[in-house]
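Below you'll find the structure, written out as structure tokens, and then a few comments.
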Amino acid sequence: MVTAMNVSHEVNQLFQPYNFELSKDMRPFFEEYWATSFPIALIYLVLIAVGQNYMKERKGFNLQGPLILWSFCLAIFSILGAVRMWGIMGTVLLTGGLKQTVCFINFIDNSTVKFWSWVFLLSKVIELGDTAFIILRKRPLIFIHWYHHSTVLVYTSFGYKNKVPAGGWFVTMNFGVHAIMYTYYTLKAANVKPPKMLPMLITSLQILQMFVGAIVSILTYIWRQDQGCHTTMEHLFWSFILYMTYFILFAHFFCQTYIRPKVKAKTKSQ
């Protein structure tokens, strides 16, 4: 019989942590101060307004070197996180099934999972710096960018506080998408031409991530009715709301960026 303990043991056997993954467990700190994400998000939004006002009458900075380094570091970080977390989530999925990955908390006490969970949360604060490059280089700042950055920080902190197992999928999928996305940003900043389909692929993966996340939320709600799923109705509500808004916004961005221009070009040619 497959149990949460058996699955946890299997994960611990297959995934021995590296030395750096055995660093001090920062979870108690982030769990206690999770609400700090609200003032951080608010300061972020205020700084956006201040920054845009400051740059209004100024010429945009080049920042090519810093942007390459910034994107490269986040790409490497995301690739490492994706490799480790996809390996663990894949093992739990194949060993115990989907319900084990979204309902039972045993596997999240694995040292590797603990490490990549708290550094993932920390990275959501660091990634707010993406917006600084947009503002200082005087590039268009669209709604989906700052909405996504600010709400993901708060949502991740909230889920972290509640130790929600389903959050493992959010972390894992986000690492995977960001591994590709920041690699693309690195190439673009370095004036290396990536494949033309890569931006469309990244947006497609973001849409898929939100769709899968919404499905996971629905399944978590269903399994919770059997009193067999570690979550709260509050977390379920907000996760579903955010996944759906992200899905709609990314789908709209996809249509505006990749579909409408082709339709207009085709119409003009006729």
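Quick reminder: no glycine exception, Cβ is built from N, Cα and C everywhere.
Some features that Swiss-Prot has for this protein:
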CARBOHYD  Asn6  N-linked glycosylation site
TRANSMEM  29-49  transmembrane segment
TRANSMEM  63-83  transmembrane segment
CARBOHYD  Asn110  N-linked glycosylation site
TRANSMEM  115-135  transmembrane segment
TRANSMEM  140-160  transmembrane segment
TRANSMEM  164-184  transmembrane segment
TRANSMEM  198-218  transmembrane segment
TRANSMEM  235-255  transmembrane segment
MOTIF     266-270  motif 'Di-lysine motif'
Considering the transmembrane segment (235-255), which listed stretch of 63-83, 140-160, 164-184 counts the most C-beta pairs under 8 Å: 140-160
Neighbouring C-beta atoms (10 Å sphere around the C-beta of Asn110 (N-linked glycosylation site)): 19
Mean predicted confidence [pLDDT] for the motif 'Di-lysine motif' (266-270): 54
Maximum Cβ pairs under 8 Å to the transmembrane segment (63-83) - stretch from the list 29-49, 115-135, 140-160, 198-218: 115-135
Other parts of the chain folded back onto the transmembrane segment (115-135), taken as Cβ under 8 Å at six or more residues beyond its ends: 17, 20-23, 25-27, 30, 40, 44, 48, 51-52, 55, 63, 66-67, 70, 74, 77, 81, 84-85, 108, 141, 145-146, 149-150, 152-153, 156-157, 160, 167, 171, 174-175
Contact set, same chain, for the transmembrane segment (198-218): CB under 8 Å, 6 or more residues outside the stretch: 102, 166, 169-170, 173-174, 176-177, 180-181, 184, 236, 239-240, 243-244, 246-247, 250-251, 253-254, 257-258
